[in-house]
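What follows is a set of notes on a single structure, which appears directly below.
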Amino acid sequence: MANQSCFRILYLLVLSCSIALAFEPSPLQDFCIADKTSSALVNGRVCKDPKLAAASDFFFSGLHVPGNTSNAQGSKVTPVNVAQIPGLNSFGISLVRIDYAPWGMNPPHTHPRATEILTVLEGTLEVGFVTSNPDNILIKKVLQKGDVFVFPIGLIHYQRNIGYVNAVAIAALSSQNPGAITIANAVFGSNPAIGSEVLTKAFQLDKKTVDLIQAKF
């Protein structure tokens, strides 16, 4: 009986490994250019016929152009992901340019699908991220031109220009579509709105204050 039990366990392990190894994490072709005309819903984008590939599928122009920072946050993110370069589809990488006005900020946000590595091209930035519950430790640093900083996947992070001149950064992200959730917008500007009875308790605020904040979003 003991031998039969061991055999059954071994069989199940082999079967499980076979199923696991059936998944292929690496690309199975040279590229999978996103077909923007397809309405099919898949995890990623449908591939267009590779015989129709063109240089424009792998190209983006304009990252040298400063973003318009005339907004409440004083910053502008210019993305270069699969929406701008269809050839990025399935490659798990993207790029952004971030412009900051003096004292401008890229407010606290998360990328649910990507780790980010940021390089300062011009200016001085204070950057930081917060670890997960229960510790919620703030890890922050002041970056100068040429400095590099990593924001782990899913963690709330921010950047703030602490200089009197414009700042510029370039960041790479480990997803073709990293997503972004700006905390204030998501919590106070959701559609439909989160009930004030939830927010007053969560943030220990009175209803008048919650209503005032929600009105800004």
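Backbone N, Cα and C define each Cβ position, glycine as well.
Just so you know, TrEMBL annotations are computer predictions that nobody has curated.
Residues or ranges marked as signal peptide by TrEMBL: 1-22. Per TrEMBL, disulfide bond is recorded for Cys32-Cys47. Marked as domain 'Cupin type-1' by TrEMBL: 61-211. If you look up TrEMBL, you'll see Asn106, His111, Glu116 marked as oxalate binding site. Sequence annotations record features per position, and here TrEMBL assigns Mn(2+) binding site to His109, His111, Glu116, His157.
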- Task: Work through the recorded positions one by one (Cys32, Cys47, Glu116) and name whichever has its CA nearest to the CA of His109 (Mn(2+) binding site).
- Result: Glu116
- Show, in sequence order, which residues other than Asn106, His111, Glu116 on the same chain lie with their Cβ within 8 Å of the centre of the Cβ atoms of the oxalate site. Val96, His109, Thr110, Ala114, Leu118, Phe151, His157, Ala171, Leu173, Pro178, Ala180
- Since the record lists Cys32, Cys47 as disulfide-bonded residues, which of them has the fewest other Cβ atoms within 10 Å of its Cβ? Cys47
- Message: As a test of the contact definition, list every same-chain residue at least 6 positions from His157 (Mn(2+) binding site) whose Cβ is closer than 8 Å to its Cβ.
- Response: Pro108, His109, Thr110, Glu116, Val127, Gly128, Phe129, Val130, Phe151
- Message: Give me the sequence-ordered set of same-chain residues, not including His109, His111, Glu116, His157, with a C-beta within 8 angstroms of the centroid of the Mn(2+) site's C-beta atoms.
- Response: Thr110, Ala114, Phe129, Phe151, Leu155, Ile156, Pro178, Ala180
- Task: Could you tell me which of these binding-site residues, His109, His111, has the fewest other Cβ atoms within 10 Å of its Cβ?
- Result: His109
- Including all protein chains displayed, how many Cβ atoms other than that of Glu116 (oxalate binding site) lie within 10 Å of its Cβ? 22
- Message: Measuring Cα to Cα, how far is Cys32 (disulfide bond) from His111 (oxalate binding site) in Å?
- Response: 23
- Message: Mean pLDDT for the domain 'Cupin type-1' (61-211), rounded to an integer?
- Response: 97
